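Over in TrEMBL, the protein carries these features:
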type    : residues                                                                                 : note
DOMAIN  : B:77-189                                                                                 : domain '3-dehydroquinate synthase N-terminal'
BINDING : B:Gly115, B:Val116, B:Ile117, B:Gly118, B:Asp119, B:Thr139, B:Ser140, B:Lys152, B:Lys161 : NAD(+) binding site
DOMAIN  : B:191-340                                                                                : domain '3-dehydroquinate synthase C-terminal'
BINDING : B:Glu194, B:His256, B:His275                                                             : Zn(2+) binding site
There are 2 protein chains.
Amino acid sequence: MNAITSASDERLVRVPLGERAYDILIGPGLIVRAGKEIAARLMGRRAAIITDENVAPLYLDALFASLHEAGIQPSKLVLPAGEKTKSFEHLMAVCDAVLTARVERNDAVIALGGGVIGDLAGFAAGIVRRGVRFVQVPTSLLSQVDSSVGGKTGINTHHGKNLVGVFHQPDLVLADTDVLNTLSEREFRAGYAEVAKYGLIDKPDFFAWLEANWKEVFSGGAARIEAIAASCQAKSDVVVADERENGPRALLNLGHTFGHALEAATAYDSRRLVHGEGVSIGMVLAHEFSSRLNLASPDDAKRVEAHLKMVGLPTRMGDIPGELPPVEVLMDAIAQDKKVKSGKLTFILTRGIGQSFVADDVPTSEVLSFLREKHPQ
Amino acid sequence: MNAITSASDERLVRVPLGERAYDILIGPGLIVRAGKEIAARLMGRRAAIITDENVAPLYLDALFASLHEAGIQPSKLVLPAGEKTKSFEHLMAVCDAVLTARVERNDAVIALGGGVIGDLAGFAAGIVRRGVRFVQVPTSLLSQVDSSVGGKTGINTHHGKNLVGVFHQPDLVLADTDVLNTLSEREFRAGYAEVAKYGLIDKPDFFAWLEANWKEVFSGGAARIEAIAASCQAKSDVVVADERENGPRALLNLGHTFGHALEAATAYDSRRLVHGEGVSIGMVLAHEFSSRLNLASPDDAKRVEAHLKMVGLPTRMGDIPGELPPVEVLMDAIAQDKKVKSGKLTFILTRGIGQSFVADDVPTSEVLSFLREKHPQ
């Protein structure tokens, strides 16, 4: 809860990455003010907005007008919504649009959307002219607290999720909290899983605060902005300690190894499972697996599950509608996940709430028998 | 001529880029020894070799066997030869091959080929898993003295050359000088244009040495290795001063703004013009343009042209077989070239042999009237 206060309802989190340092602004009304904030920070006078069909009708006109008023010449590309847009085909389309807009090194690509648009547009910004400026305008809770911060970009291939991409830090993140009012309950909850994750990684007090205040976070206002700012600050701390994920940054993957495998197992079908829901189930599994390895108390796993269940998130594989593939298929997805080094399985395990750590030598056999126990079939 | 001597016939140039520092080995027999050299430097035990149809029959088996003997598990992908291979389509194919080979972060992608293969494979190495290890085994003079050093990777789009890519430094460069014996005279000459370029940028003594010793460089042996090592050292110096091309690295583009425009104007048809030939004509044009702007003596332009002509390189637009498009089309290609900032034209100009500098405010009108004068039609 140590984010710097700027305006009355607004928070500023600075990500101190040397010459790649940048600001995250969190608060209401930021899309309407976007042009001014961007013009104050970037030299270029052109911007290519990348967005999707769901977000465009809601916010594209306001962002466009705001850039125009600030003397920035905007262009736009509206893509299909959904995880399938994170493909080579759409990456090509984005690069083409950015080049057609004659965006040069000091001009900007602006991602207006959730994690899919942010990851895709950020990848394009990282490779067009070997890197142009990049601004994130995240429109989901998930992207505001997680994917818009830290510079990871990428696309999916048939080998798995996010297996192709670059590290390309944004130059500015504008987290307009007004947009959260148009999210569905399910989408907000999915983002909340990542908020809770920061408590589970290394901030037990924040997790306890969420247990006490989650209703206020869901209903909006000061507690919501507080929770988002605390999450961005937590993510910033980890990213600054390890920008290119050689070590501790892997902690951010708490719940993600199981979560990604479940997303792959449901063919990234958002009707069955969205990312945050996979992370929710994954975090419970990570705590249960840690307990099974006698690292943590089973009570911690129960406490994590109780809270996530309370806010309405799925917490067990059996909560996923439809049939899951056999355990062996899940294991294959885990093995091809990028968090594998020299054949050994890397997992984020925990010694209790807020005491997670990177374990890079987890035996496959342990994971297999644990999954067999937990698998609904 | 200050490269470090290692073995009798071998030179070692170290590129001191902090945690991205790497060695360039220059000498005979390096492909046969590649496995040993790679195993001594990299932790991974897998390697994906990317090569082309021209190079594969000559060196692929030897490299494959050498890796095997050193305990590294190799895979291979053979692509069509030629500039058209630097496309999104082939980038996808390379990423897929690297992921299929289960290359992880500490494993390597090995580029066995000229600049096209190096740029493409290096780009894939920079984006698969957001970056895996990368080894260059350049098989042309051009790639040994230029593209294999410095970390620029990329592909072409219909907007122009190298407009999409990343900076991704190799972990090792193995410049096996034996391979130069199988190059055509034309290909060797094209690479020589880049060797001469280092003299023209800021090493007048090296240019004079080349004027005196070019025959020995062309016939092979110690003078050739010396010229390659001096070129790699010169490139390394510039790259270390400005890894991401924010300033002085642009000097390496001497002759390239005109050269790229001519390559675009001939639709990258290697029967008409190859890169080094475009650079040769471009360097003469850059010296003539500098003289026209009263920056350098016309005698310097004549001296540059005389030497490049002596070794058999084209030096005038009229030397390119077939018709060139109108001057306006060349200007468009120059304007879309990536060396454009906020609409102003950036050129490398010179005050004389070895006295080049970056000029970032060259008026379009001056370039246009100069080109009209020089255009063969």
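Placement of Cβ uses the backbone N, Cα and C atoms for every residue, glycine included.
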Inquiry  = Using only C-alpha positions, which one of B:Glu194, B:His256, B:His275 is spatially nearest B:Gly115 (NAD(+) binding site)? These are the binding-site residues in the record.
reply    = B:His275
Key: Averaged pLDDT score, the domain '3-dehydroquinate synthase C-terminal' (B:191-340)   = 94
Key: Coarse DSSP state, helix versus strand versus coil, of B:Gly115 (NAD(+) binding site)   = helix
Query = The record names B:Gly115, B:Val116, B:Ile117, B:Gly118, B:Asp119, B:Thr139, B:Ser140, B:Lys152, B:Lys161 as the residues that bind NAD(+); what is their largest Cα to Cα distance in Å?
reply = 21
Ask   = What other residues of this chain sit with their CB within 8 A of the center of the CB atoms of B:Glu194, B:His256, B:His275, the recorded Zn(2+) site?
value = B:Leu142, B:Asp146, B:Ala193, B:Lys197, B:Gly255, B:Gly259, B:Gly276, B:Gly278, B:Val279, B:Gly282
Query = In terms of DSSP three-state secondary structure, what is the assignment for B:Ser140 (NAD(+) binding site)?
reply = coil
Key: Between B:Lys161 (NAD(+) binding site) and B:Glu194 (Zn(2+) binding site): CA-CA distance (Å)   = 18
Query = Reported as an integer number of Å, what is the Cα distance between B:Lys161 (NAD(+) binding site) and B:His275 (Zn(2+) binding site)?
reply = 11
Request  = Among all chains shown, work out which of the binding-site residues B:Lys161, B:His256, B:His275 has the most CB atoms within 10 A of its CB.
outcome  = B:His275
Note = Counted with DSSP (H/G/I as helix, E/B as strand, rest coil), the domain '3-dehydroquinate synthase N-terminal' (B:77-189) has 47 helix, 31 strand, 35 coil
Key: Intrachain C-beta neighbours of B:Ile117 (NAD(+) binding site), sequence separation six or more, cut-off 8 angstroms   = B:Ile50, B:Thr51, B:Asp52, B:Val55, B:Leu79, B:Thr85, B:Ala111
Key: Listed in sequence order, residues with CB under 8 A of B:Asp119 (NAD(+) binding site) and six or more positions away   = B:Lys86, B:Ser147, B:Lys152, B:Thr153, B:Gly154, B:Ile155, B:Asn162, B:Gly165
